[in-house]
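> Below is one structure. I have some questions about it.
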Amino acid sequence: MGSRIKQNPETTFEVYVEVAYPRTGGTLSDPEVQRQFPEDYSDQEVLQTLTKFCFPFYVDSLTVSQVGQNFTFVLTDIDSKQRFGFCRLSSGAKSCFCILSYLPWFEVFYKLLNILADYTTKRQENQWNELLETLHKLPIPDPGVSVHLSVHSYFTVPDTRELPSIPENRNLTEYFVAVDVNNMLHLYASMLYERRILIICSKLSTLTACIHGSAAMLYPMYWQHVYIPVLPPHLLDYCCAPMPYLIGIHLSLMEKVRNMALDDVVILNVDTNTLETPFDDLQSLPNDVISSLKNRLKKVSTTTGDGVARAFLKAQAAFFGSYRNALKIEPEEPITFCEEAFVSHYRSGAMRQFLQNATQLQLFKQFIDGRLDLLNSGEGFSDVFEEEINMGEYAGSDKLYHQWLSTVRKGSGAILNTVKTKANPAMKTVYKFAKDHAKMGIKEVKNRLKQKDIAENGCAPTPEEQLPKTAPSPLVEAKDPKLREDRRPITVHFGQVRPPRPHVVKRPKSNIAVEGRRTSVPSPEQPQPYRTLRESDSAEGDEAESPEQQVRKSTGPVPAPPDRAASIDLLEDVFSNLDMEAALQPLGQAKSLEDLRAPKDLREQPGTFDYQRLDLGGSERSRGVTVALKLTHPYNKLWSLGQDDMAIPSKPPAASPEKPSALLGNSLALPRRPQNRDSILNPSDKEEVPTPTLGSITIPRPQGRKTPELGIVPPPPIPRPAKLQAAGAALGDVSERLQTDRDRRAALSPGLLPGVVPQGPTELLQPLSPGPGAAGTSSDALLALLDPLSTAWSGSTLPSRPATPNVATPFTPQFSFPPAGTPTPFPQPPLNPFVPSMPAAPPTLPLVSTPAGPFGAPPASLGPAFASGLLLSSAGFCAPHRSQPNLSALSMPNLFGQMPMGTHTSPLQPLGPPAVAPSRIRTLPLARSSARAAETKQGLALRPGDPPLLPPRPPQGLEPTLQPSAPQQARDPFEDLLQKTKQDVSPSPALAPAPDSVEQLRKQWETFE
């Protein structure tokens, strides 16, 4: 590759000498060798040359005290290989210690010279001999190996294949400190054009460091012309040589050099940091490459490490990285390089002009010849330059490089035959070369895409896997866009149930999965297309597999990103109690809530119940995944079925956190009809209504808590009077009360419907017409519902629900659902973890459970307030487009005294038996004999634009049923308030007109008169 470094020297160093000026008669003569090792070294020509290079300055110069201590010169042997002379000047520059070696170990030999100088000063001859003998007999160690020469002398072998770094590399460090960026760029351009270059400095260590450092920036190319890091006085005529050179001159010799005829010489003065050049080499280079290089060098982050060297390496790759596209590969023929193809590849005029000149440069020719020699000899090569080309894709080299590999594959028959017969080592090298670079290219591109994906999503893939998995082949994923879509980062999936997967995983076309890790790498025989990191894992197998692959093979907890670790740890008890059949599908990974869409045709989706999809027949808004509960009580098995914990209609009182399910009675069923997600939501309510399945989240519980606690995602900021946050606050004026009720309209969840219906399969779909002709028993039940002062409601205890009759109570209004068009529902586990699943329900009926309330046998401490409304998923059925009944929270000291104050707008808490409100916004507090009337809670209010859920007015004969009972003689404390607001209360125009007597009766009932 044009390197002038000898690859396998026989010894670590050739000779060690101590050179000094002998004093004869008070005058200085030529320097002489005072001592040498080994003593039998017989190359007198080398020894004479060493003595002159050890003092490359005028000894009687005034600047002799500034020469510094360590410097390096270079001697070229007959094979054009460089031998480095590492020197250390003594104080006063009268003597010099020098080691001549083929190894460019600058820091190592500088350290050894200091030790040897110390031994010489202290006259420790034994240590001096022992150190030199050990070093001279030492076999050349491998890079990175620590070598111990004596008790106090050891070193680590440097790796010359790596990029030089700051401050480890002494030459690059001094060069970067001494020369500014602009002069470095000018010097770099002059070296690319192979100019005659002189570098001047008054300090020898800095001078030689600048020469070696600037030449190292040409990697992977090497300066092929005259190379003299420090020029001795007897060779000053080299400055007039017509060929290109790179020479360093001490400042004491520069005055004589100025008197020479120097034509077209680039001079860099390091002391003054100035550069003189008659050429416009920097301006003639492609501007985009130079601008990028300049920006990288000026960044503070590149001042340490290999940033400076890598910046120049990127520039070299941008200039010459497409050389591989010009390689001509023919079967049974040596690989050659086509200069025309190399130049014509680029469209830019500046780049074409530069490359046309570059093909004539000696350093580029030596580089190409070195690469071709390695390929044709069968050795091959792989270095940081090739890695940079693969990673950077400079000048479209990635695409053309794979075209080159395709060309290799087209002649695969001849190549494979050649490899098998081992007749042509060049073809065998091409095969290995192409395979190695295919591996390198895939790895580097995926690493770049991985970094880009992490930057965009803010989350890395899961770091480890728990079970062996069968990874689908990339070709299967490329053909199946659904698989590719499903393999998104877990940050996108989290919070949404995935659509069902096929139960049988497609078998990979190639055996690329072993113990759950992808180990196959694209080869020239079987190319694999580039895929983003979301579609494929790393070829090395050290990146994590996608979460979907883990879900397919395991019914255990799904691994989550590191930031979710705390929440996922809480799932161990939930999933450990799963009791599923083998036929059930694995739980699909969750998606984000933005991707929720209602099914277009719900009849096409089969109603199969498993814990992967909870509601195949309804909208996806009713789905949920338990993500943050760790249950330690016996009811965790009900929660582990995958039901959304956000849909629990009630919170058990703190006095009895673990009531047995026997106290809560049986669960009840309600017919559900499919509807789209927007059928019962106004546009203004879609963002503000905290529905249990969309707006609610679950707060992760502390480990010590036993009962679940619900959290509500706060709606957009709404002005809310402070009196709503206290139970016993004063009412305030009428306008404030009305404004408060308007502000609370958004809190009414359309999915919160009170009441229950019979469980019989025949009565589930029986309609109850709300038309004007409805009367009789249905009217009696609905009219009884309108009476908030019913004795059954005001009683402290409620009768148990009969086991056999399927008759609705006066407090459980039936809902009219037309029997036609109702799809076949399917069972669903109860939403309340404390209520067992309904065992006798038909398999095609949806179960939306509710606390048993008045129909069970609640403890006396619970009171009638546990007759909570049935909580429905807002997207689970098609209710008529009408408002829901107002739920008035009554004064239940034994229950509401324990409820948190922040839950007064939550649709999740029990609100007692319902009371139907008029069309205007109004809250009907009920006067009770209890002295705690001040603790009355505010109920949920209706929207004024929606008609109330009211039946038609009853006949005149039924009017006495609306008359209030005994409590009407007691003066209502809110009578004055309601009298003032009576003019605002009017029946909704959507209702059928009723007689005046009914109107008066209704107003009389509303005002408790």
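Heads up, the Cβ atoms here are built off N, Cα and C, so glycines get one too.
Given the structure is predicted, the values throughout are model-derived calculations rather than measurements.
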> Please find, within the list 151-155, 381-385, 401-405, the residue stretch that Swiss-Prot describes as motif 'FXDXF motif'.
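The listed stretch tagged motif 'FXDXF motif' in Swiss-Prot is 381-385.
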> Kindly point out the range from 359-368, 569-578, 579-588, 839-848 that Swiss-Prot annotates with motif 'Clathrin box'.
569-578
> From the list SER520, SER554, pick out the residue that Swiss-Prot labels phosphoserine.
SER520
> Let's see if you can do this one: DSSP helix, strand and coil counts over the motif 'FXDXF motif' (381-385), in that order.
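Secondary-structure breakdown of the motif 'FXDXF motif' (381-385): 2 helix, 0 strand, 3 coil.
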> May I have the DSSP-based helix, strand and coil counts for the residues of the domain 'uDENN' (13-145)?
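Final tally across the stretch: 47 helix, 38 strand, 48 coil.
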> Do any residues, 6 or more residues outside the motif 'FXDXF motif' (381-385), come within under 8 Å Cβ-to-Cβ of it, and if so which ones?
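Same-chain contacts beyond the ends: 1, 161-163, 219-220, 313, 316-317, 371, 374-375, 433, 436-437, 440.
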